[in-house]
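If you check Swiss-Prot, you get these features:
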ACT_SITE  Tyr56  active site, proton donor
SITE      Lys83  site 'Lowers pKa of active site Tyr'
BINDING   His126  substrate binding site
BINDING   Ala208, Pro209, Leu210, Gly211, Arg212, Gly213, Phe214, Leu215, Thr216, Gly217, Ala218  NADP(+) binding site
Amino acid sequence: MSIPTRKIGNDTVPAIGFGCMGLHAMYGPSSEEANQAVLTHAADLGCTFWDSSDMYGFGANEECIGRWFKQTGRRKEIFLATKFGYEKNPETGELSLNNEPDYIEKALDLSLKRLGIDCIDLYYVHRFSGETPIEKIMGALKKCVEAGKIRYIGLSECSANTIRRAAAVYPVSAVQVEYSPFSLEIERPEIGVMKACRENNITIVCYAPLGRGFLTGAYKSPDDFPEGDFRRKAPRYQKENFYKNLELVTKIEKIATANNITPGQLSLAWLLAQGDDILPIPGTKRVKYLEENFGALKVKLSDATVKEIREACDNAEVIGARYPPGAGSKIFMDTPPMPK
């Protein structure tokens, strides 16, 4: 089977990518041996659009990928995305957001060093501080492209206004947002992120396309999440919201059974059916789930099934914020105007 694809800039990548975050952050520990095995299996499958960040494991994720490049010699097979924006105070360990041009250059050089490469395919602003005008940020990133250190520029969790202003300075190749049957906020007219991306021919890269695993049907109680797992803190998965939100999962499970696929594959196939500009990046630490997720590329949903899932989403009331208090304030961020 030829692998369905999506466009990032002038490049063609698999229509389902691999989110590397879970190897080092949010969902508990994983061994180096297991991480390297998953990366190799992803490459062998043809799942070669990888997504990292300098924040995942505070550099450990990039270093792990760098070791894989060095050990396998397969750098050229991978379209690699990573991100900057979070700065860690070396003395206090406190995190803050920094989008200033001098910090961008510093963060990029550190990422290149950790990865052991001289150019990153797609470099995202991970989160916005709300203090630096997007025009300044894009100007700095444009210089990084011209220097040959990055190939394409991406944004993440920003406002529609920020997307439009950014695209007026230099092409934006991807915007990364949470998008799934469980999180449809980007479609809302008052948020307008999907509309802004489509106006500017920007690929929408979807993180947490399985609702952080919730849409797979694997979790039937809040107690099913391991100790130290991010979902134990996120409001959407708390006891007071969990069972109400599970109603949508139950509907998706039922539709998946009728189509002889897993709930996760149904969710991913439904996302892909939303447009040729939609590119989900599910993450996992296990080869079994990697194969299941990438297998969603073989699924072709009927128009009736796509409509049935849309109706289930429309009739579901998803309750609880995506992030714990504090972190959620950096969602759909705007940036200040350029000083006159």
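Cβ from N, Cα, C; glycine included.
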DSSP three-state assignment for Ala208 (NADP(+) binding site): coil
Lys83 (site 'Lowers pKa of active site Tyr') - helix vs strand vs coil (DSSP): strand
NADP(+) site shell beyond Ala208, Pro209, Leu210, Gly211, Arg212, Gly213, Phe214, Leu215, Thr216, Gly217, Ala218, criterion: Cβ within 8 Å of Cβ centroid: Ser180, Phe182, Tyr219, Gly264, Ser267
Binding-site residues: Ala208, Leu210, Ala218 - member with fewest neighbouring CB atoms within 10 Å: Ala218
Among Tyr56, Lys83, His126, which are recorded as recorded positions, the nearest neighbour of Thr216 (NADP(+) binding site) by Cα: Tyr56
Number of other Cβ atoms within 10 Å of the Cβ of Thr216 (NADP(+) binding site) across all protein chains: 24
Number of other Cβ atoms within 10 Å of the Cβ of the residue listed as 'active site, proton donor' across all protein chains: 26
Between Ala208 (NADP(+) binding site) and Lys83 (site 'Lowers pKa of active site Tyr'): CA-CA distance (Å): 16
Those residues of the chain, 6+ apart, with a Cβ under 8 Å from that of Phe214 (NADP(+) binding site): Phe182, Arg231, Arg236, Tyr237, Asn245, Val249
Spatial neighbours, same chain, of His126 (substrate binding site) - Cβ under 8 Å, 6+ residues apart: Ser53, Asp54, Met55, Lys83, Phe84, Gly85, Tyr86, Ser156
